[in-house]
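*Asks:* TrEMBL lists these features:
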type     : residues       : note
REGION   : 1-74           : region 'Disordered'
COMPBIAS : 35-47          : compositional bias 'Low complexity'
REGION   : 94-168         : region 'Disordered'
COMPBIAS : 118-131        : compositional bias 'Acidic residues'
BINDING  : Lys290, Lys518 : substrate binding site
ACT_SITE : His516         : active site, proton donor/acceptor
SITE     : Ser541         : site 'Interaction with DNA'
Amino acid sequence: MTQDSQHGKWTISSSDDDDEDLPLSGTTTSKPHRAAVSSHSSHLSASPPSPKLGPVTATVEVKPEPANTPVSSLVIGSEARQLAAMNQLNPVKYESSPSLAGKRKKEVSDSPGWALSDSDDDDDDDDDDDGDVKGKSLSNLPKRAPPSPKTKKPKVENERPPSPHGRLYYIDEPEDFFESSIPCLNDTYRFYLNKVTGLDRKYNSGALHIRDILSPLFGTLKESAQFNYCFDIAWMVKQFPSEFRDRPVLIVHGDKREAKARLVQQAQPFPHIRFCQAKLDIAFGTHHTKMMLLWYEEGFRVIILTSNLIRADWYQKTQGMWMSPMFPRLPKGSSESAGESPTFFKRDLLEYLAAYRAPELEEWIQRIKEHDLSETRVYLVGSTPGRYVGSDMERWGHLRLRKLLYDHTDPVAGEEKWPVIGQFSSIGSMGLDKTKWLKGEFQRTMTTLGKSSLRSDPPMHLVYPSVEDVRTSLEGYPAGGSLPYSIQTAQKQLWLHSFFHRWKANGTGRSHAMPHIKTYMRTSPDFTQLAWFLVTSANLSKAAWGALEKNNTQVMVRSYELGVLYVPAAFNMKTFPLHKNPFPASSSSGFPVPFDLPPTCYSPKDQPWIWNIPYSQAPDTHGNIWVPS
């Protein structure tokens with residue numbers, strides 16, 4: 001079967017390409033797809049992988065390079081950090097790459113071959129949602145393109161490796177990277193981007209690094225809870241200032257079995273760390289929420305963000321966060337309803353935490369009850385795994401967003417021309433055409449404006465990096481390890497790619513810092529006003545947002561997600577004006593959207609980044625090519 005689109009051509013030679021895809025990990029691959037991919041001028045012939053137990057892998061074999069060609073090995077997965085440490089200390093030559101050891105080899109021909117097994121369930125929608133994908137052991141070898149004789153440089157022993165994932169990965173931050181005094185922040189919206197190394201200094205003014213967030217400038221920390229998807233515990237501990245480094249930390253995670261054992265092992269040197277395992281009772285769900293609960297001597301703070309607790313997420317990617325004000329402690333004897341905000345943030349946060357059904361969170365629930373959250377002006381939009389009926393359908397996921405937009409926004413004149421924009425870093429299965437989930441459910445939610453009965457069909461712009469965006473990024477191709485859109489999913493929904501727009505962020509200086517942030521919004525036709533804005537952990541997937549079942553009488557959500565919704569009425573505005581130049585930080589009333597508006601359409605030559613196929617036609621900014629294995 002051949003499918004064409006203006007964004008590439010994929011040839012699928014499989015008799016069962018419309019079958020449900022195979023599970024992710026711990027399963028035997030008994031009936032793999034066979035695919036031949038044609039992307040620009042490269043042609044990749046395929047052979048099926050050998051059935052094996054354990055994590056499903058994708059194997060790539062390419063024409064051997066000269067023996068002196070260095071290869072940096074980037075392993076994507078929860079075990080990546082241990083393997084990466086070894087690879088950084090002992091870079092391997094391609095011929096002896098451990099990723100190929102012990103696997104059946106094909107004859108090497110002029111055409112590089114690849115074999116991979118499907119790993120997306122048609123209903124699971126996860127690819128999965130974050131770059132450090134768990135359950136998939138996918139080794140990507142960003143291979144160094146051979147230098148021309150004229151440009152070849154003598155090797156310097158202590159030279160930083162060309163791959164951004166090399167031995168000294170972002171250890172040498174600029175001296176002014178961390179704040180020594182309270183940073184100049186725009187407190188109107190309390191929405192901030194992360195700092196990015198390699199940018200003009202002005203673009204980091206008013207942005208926050210994890211060390212800034214945890215610094216004594218924001219409070220005297222007593223204890224914290226860290227909700228996240230990926231953790232590098234040793235690195236996380238180092239981000240706390242020395243005086244807080246032994247304060248108790250509760251890690252809330254979704255790991256099971258071997259992954260959980262590895263996480264616990266990471267924490268062995270740190271007796272102040274405890275764990276809370278989130279229940280994931282529906283297949284293919286993940287604990288994708290990213291939140292910090294920070295308890296200080298002075299009060300309490302909530303941070304809802306988009307970054308994993310790993311080094312790679314905090315330096316050359318675009319991330320976002322909402323940081324609450326310092327919530328003061330309520331007077332003793334205050335009523336249950338005391339300290340509530342006009343947006344019912346306290347009630348909704350307590351409800352979200354209660355959904356974990358975890359004894360380890362009880363003390364945090366009690367602490368929140370004892371604090372005054374009344375200053376909060378955002379609405380909480382969460383997802384928790386389950387099947388919900390009746391009024392519970394509106395508690396989580398996109399139906400929760402729909403209810404908030406119905407209740408708290410107002411119709412605007414000419415709303416059928418107000419586009420909706422979704423921006424994300426991973427994409428799940430949308431179905432055979434746009435009428436299934438994307439338009440049938442998700443766009444219906446995104447186009448809700450107050451109690452308007454108008455069923456408008458405005459433009460929908462989806463912002464997702466192209467291959468060229470990734471190739472020319474600060475990290476080069478390895479940035480694509482955090483953009484896990486798979487060929488198995490992409491080839492089933494070529495119709496989706498006509499919605500795609502490039503990642504361009506000149507206004508925030510982040511055009512070359514690939515997005516791991518996820519944002520959704522509704523803008524005026526001239527892109528000067530916002531009807532609402534959402535920053536969240538939720539990517540474009542049914543697993544994250546939920547999908548209707550049983551003739552729309554039930555909604556099923558697979559994953560934990562969390563975000564905050566900004567609506568103008570909570571800020572005493574009709575609409576949010578857009579801030580064209582958010583850096584350096586100022587007190588402007590304009591909203592700091594992290595990328596440029598209007599979005600830039602893909603050209604006929606552009607292709608969406610797909611992480612598990614090779615890109616060998618052009619080297620990236622570090623001279624590497626991308627060969628998934």
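Each Cβ is built from the backbone N, Cα and C atoms, and glycine gets one as well.
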*Asks:* Between the recorded positions Lys290, His516, Lys518, which lies closest to Ser541 (site 'Interaction with DNA'), Cα to Cα?
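*Replies:* Result: the closest of the recorded positions to Ser541 (site 'Interaction with DNA') is Lys518.
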*Asks:* To the nearest whole angstrom, state the Cα distance for the pair His516 (active site, proton donor/acceptor) and Lys290 (substrate binding site).
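*Replies:* Cα-Cα, rounded: 12 Å.
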*Asks:* Over all shown protein chains, what is the count of other CB atoms within 10 A of the CB belonging to the residue listed as 'active site, proton donor/acceptor'?
*Replies:* 26
*Asks:* Out of Lys290, Lys518, which of these binding-site residues shows the lowest number of other CB atoms within 10 Å of its CB?
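*Replies:* Comparing Cβ neighbours within 10 Å for the binding-site residues Lys290, Lys518, Lys518 has the fewest.
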